[in-house]
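Working notes, structure below.
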Amino acid sequence: MEMKTHYIDGAMYIGCSEEHFTTYNPANGEPLANIKQANQSDMEAAIESAKRGFEVWSAMTAIERSRILNKAVAILRERNDELAALEVADTGKPIQEAIAVDITTGADVIEYYAGLAPSLQGEQQPLNENQFFYTRREPLGICAGIGAWNYPIQIAMWKSAPALAAGNAMIFKPSEETPLTALKLAEIYSEAGLPDGVFNVVQGDYRVGQMLTAHPDIAKVSFTGESGTGKVVMGDSAKTLKQVTMELGGKSPLIVFDDAKLDDAVSAAMVANFYTQGEVCTNGTRVFVHESIYDDFVAQLKTRTEKLVVGDPLDENTQIGALISKEHESKVLSAIESAKASGATLLTGGYKVTDNGLQNGNFVAPTVFIDCDDSMSHVQQEIFGPVMSVLKFSEEAEVIERANDTDYGLAAGVFTQNLSRAHRVIHKIQAGICWVNAWGDSPAEMPVGGYKQSGIGRENGVETLKHYTQTKSVLVQLSDFESPYA
């Protein structure tokens, strides 16, 4: 079996460690590759490479950096389908999703920041006839990106794009579950002309993350993952006063009012729960439906959910793919059993799919529970699988209070034809990413991130680029300096 390793100093890096692990295809359980586990010596090699790369990259003009990033965008788009197929093998998601979204939206973000890079500027202000000051936005240095396994290459692009556009170097650690496409991204960056060492990839488990958060030469850590892990990463980073961005978990509400377009609302609920087989941090897993349309909503939801195609992720007709691992599949199935035991009514799904040659994969049927109560564990806890909870509500004030009754605050959505109500409700919802009569779109221009336990900082948008810089203030004296000392 092929041995995959790290990408350091513009090339594949064999590394010093003899330890390795195997990554598997979630759809059939077959091994994909053996992966080298980085040790401290490998990490030091990545750090030294990043230092050298940073000196070259940060000295280039913003226009020069922009041109190189745009070359990478062109290569990514040219190889979209090839990269999508590898992403499917790594993640188990349907090929129709990977082709349309994963590489495309990541490339969009790189292109966006390539355009923004030349706009980074400081300010100048006169103080009096003898003094003025100016500011410079300077790169932080070496930044670390720690990725998740649901959108591996997209996350690598989302994290690297603003970091590189601002003149930083990055060391990226993909999830050990999905280590392959980050290596392809590194190769593409090099092919586009990125100086050696500016984007490095180190492979491994949580120990590599600990090396990154502990290393004094890392200036910033951007992490995507589960909230509990994020707190550990943030705590470790604080010991050396690293800047952090945390994109964490959620238990997001989708609110459907009585005047909503029913077809659209059902479509959104399905996207918000079954896209990428439910392995999306922004999933709207708590679907609140007004009592007057509840029965019609549930009836249409059942009919349409049962038509979804669960199957081979490489089949273009497949709509629901495989969960990332056997362990995660077991966790999702356990949550389903807990929901049944709690008294919720299983509307559809709720089982492992094994027919049509899927017995060796990690497939769970799209699942919907009705007659749910806010206190039930499956309503409160993030499941990260294709499991939807439908809840009934009567009044606007009531549903706002219930929607906010969670430790999370990542996303929220409202479906209504009443524009005043839409804005009024969204303004009261405690969530960082909100949609009105839509769900899931996340354009490069829009900053995304969570409230409460769902994160700190933002990905995408103008403000994220600024967070990969530090401000230097320079005061200039035009006249003789007057000392208070003789």
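Positions of Cβ are set from backbone N, Cα and C atoms, glycine also.
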Annotated companion of G147, A148, W149, K173, P174, S175, E176, E226, S227, G228, T229, G249, E382 at the NAD(+) site, Swiss-Prot, chosen from C281, C372: C281
Cβ-Cβ distance under 8 Å to G455 (K(+) 2 binding site), same chain, at least six residues away: G230, T245, M246, E247, L248, L410, G432, G449
Between T229 (NAD(+) binding site) and L241 (K(+) 2 binding site), the C-alpha gap once rounded to whole angstrom: 18
Lowest local Cβ density (other Cβ within 10 Å) among binding-site residues: D90, E176: E176
Reduced DSSP assignment, E247 (active site, proton acceptor): strand
Densest Cβ neighbourhood among L241, C281 (binding-site residues), 10 Å radius: C281
Within 10 angstroms of D90 (K(+) 1 binding site), Cα basis - binding-site residues out of G147, W149, P174, C281: W149
Between L241 (K(+) 2 binding site) and S227 (NAD(+) binding site): CA-CA distance (Å): 20
Candidate nearest P174 (NAD(+) binding site) in space, where candidates are the binding-site residues T23, L241, K452 and distance is Cα-Cα: T23
